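Quick notes on the structure that follows.
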Amino acid sequence: MCGVLRQLMLLLLAFLSITPSCSAWNFHHQLNGTTPSNGTTTNGSSSCPLANGASSNPLQVYTIAANNITASFIPYGARLISLMVPDREGKMQDVIVGYDNPQDYVKDTLTNHTYFGCIVGRYANRIRNGTFVLDGTTYNTPKNELNKTQTLHGGSVGYDQRNWTVTALSNSSITFTLFDSGYEHFPGDVINHVTFSVNSSYGLKRPNPQTEFTARTVSLSLTEKTPIMLSPHIYWNLNAFKNETVLEDTLLELPLSSRYVEVDSRLIPTGNIGNVSSSLNGTLDFTKGKLIGKDIKSADGICGANCTGYDNCFIIDRPNNASDWTSSPQTMVPAVNMSSITTGINMLVTTNQQAIQIYSCNGQNGTIPVKGSQVARNKASGDGNGTVVDKIEQYGCLVIETEGWIDGINNPDWGQDPFQIYSPESGPAINWATYVFTAS
C-alpha cells in the first residue's frame, strides 16, 4: 500500500505543476480547420511541458518495453497501437487491433470511428438523450450516435480525438496529459493523466513467468462538479488473427459478474439490473467461463436493434473499495480471465472499476484490414491453418472497457454518484487496470 500511495501522490504533485493554461488541441480538426464543439479554436500547439525526448507530433510513435513485452502508442487519443507478448511457443504476437500507419487512426475517426486503442472520455459509453442534471442545472452534450439522439464516449470530439501531451517517458512507462477546458459542454475544467507501464518476471528464475501491462487514468476536477468516467478502449485478439473470429477460439470468464445493466434497443440503460444466470437462458452468464461463440446466436437484440452479439455492461460484484483512490488491482481478484486456444495466450484483468463493458465486434464486416505486420507475421510462421486472415470480420475481436455503471449519471437510484461525479473538493477519479499475460 505504501508503494501505491507514493506513486499516486507523485502523480498528484505532477498535477500541481501543470496549470490550466496547459491546453490540448484536436488533431483532425486542425487538419480540417474546424472548431471543437466547446467553441474554442484549436491552435496546433500545446503549452503542456513535454517530457525529455518527446515530440509535439500527435502521430509520433513511442515504445516502452520490458522482458518479453513491448507496447507502442501515439499521443492522438493517448492510443495503444501495438502490444507484443509471447505465445505458448515463445513467438511474439501483437494482440491489439488497429493500424500500422498512425495516420490511419485519423482517417478512421473521420470514417469508421472505431475508437481503436484510445482513451475515451470525459464520460465513457452512452449518455441518454445527451443530457444530464447536476444540482438542478441541466447540461447538454453533443449527440453523436444513432442519428444524433444520444452521446457516445464524450461527444463529437471526445478524448479519443485529442492530442495528449507526453509529459513523462521512460523505458518501461509513458504518461500522457490532457487539460479539458469544458470540452463538449461538460461543466468545468478537468486535468487528466494516463500512465501506461509494462513489467515482466521473465529472466528472474521464477516459475510461470508473466508479463504485465497497466493503464492508469487519474483525473481531477479543477473548477466545478462534473461527471468523469474515462476508460481504455482496447480491441483485443489473443489469437493474433490466426482465426477469422474469436467465437471458437477465445474463452471468456467474468467470475465477479453475476449481474448486468439491462438496456433498450439504443443500448441505453432501462434502470433495471438483470441476473446473468436467470436472464436470457444464461446467454450473458460468463461466471464459469465459456467460448465467446457458445451462446452468441441467442444474444439477439441485447447489443442493440438488429444486432446479434455482446455489447453489455457487466457489474463487478465485490466488497466496494473504489471510493478509496489508493486501491490498486494488485490487491484485488481478477474480474476478467480470457484466453486463446490457438496461441495459448491468457490474459487476467484486475481493475478498481465498478463494471466492465464487453463488445464482441458485432459491427465489423470485413472492410477494415488486419495490420499488415500481423498478416506478415502469420505468413512467415505458417500460422492460420492454411488461411491468411487479412480483414477484420464480424466477431473478429473483443473490446473490454473497465469503467463504471453506464449512464449512471442518469440513474441516481443506483447510487453511483460517488464514483462518477467529482468536484474540486473530492478526490481524483482513478481508473486503474492491470492486464497480466501468461502462455500455456
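Here the Cβ of each residue, glycine as well, is placed from N, Cα and C on the backbone.
Quick caveat, the model's predicted, so the values are computed rather than measured.
Among the features that Swiss-Prot reports, active site, proton donor is placed at HIS233, with the record citing similarity to another entry. Summarising the annotation, Swiss-Prot assigns active site, proton acceptor to GLU401 and lists similarity to another entry as the type of evidence. The feature substrate binding site is assigned by Swiss-Prot to ASN125, ARG126, ASP311, with similarity to another entry given as support. Per Swiss-Prot, N-linked glycosylation site is recorded for ASN32, ASN43, ASN129, ASN147, ASN163, ASN171, ASN199, ASN243, ASN275, ASN321, ASN365, ASN385 (among others). Among the features that Swiss-Prot reports, signal peptide is placed at 1-24, with the record citing sequence analysis.
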Those residues of the chain, 6+ apart, with a Cβ under 8 Å from that of ASN125 (substrate binding site): LEU152, HIS153, MET229, SER231, CYS313, GLN357, GLU401, GLU403, ILE406, ASP407
Winner by Cβ contact number (other Cβ atoms within 10 Å) across the glycosylation sites ASN171, ASN199, ASN365: ASN199
Among ASN129, ASN147, ASN163, ASN243, which are glycosylation sites, the residue with the most C-beta atoms within 10 angstroms of its C-beta: ASN163
ASN129 (N-linked glycosylation site): secondary structure state under DSSP, collapsed to three categories: helix
Sparsest Cβ surroundings (other CB atoms within 10 Å) among the recorded positions ARG126, HIS233: ARG126
Closest of ASN199, ASN243, ASN275, ASP311 to ASN147 (N-linked glycosylation site), Cα positions, recorded positions only: ASP311
Where ASN243 (N-linked glycosylation site) sits in the secondary structure, as DSSP reduces it to three classes: coil
Cβ neighbours within the same chain of ASP311 (substrate binding site) - under 8 Å, at least six residues apart: LEU267, ILE302, CYS303, GLY304, GLN357, ILE358, TYR359, SER360, ASN362
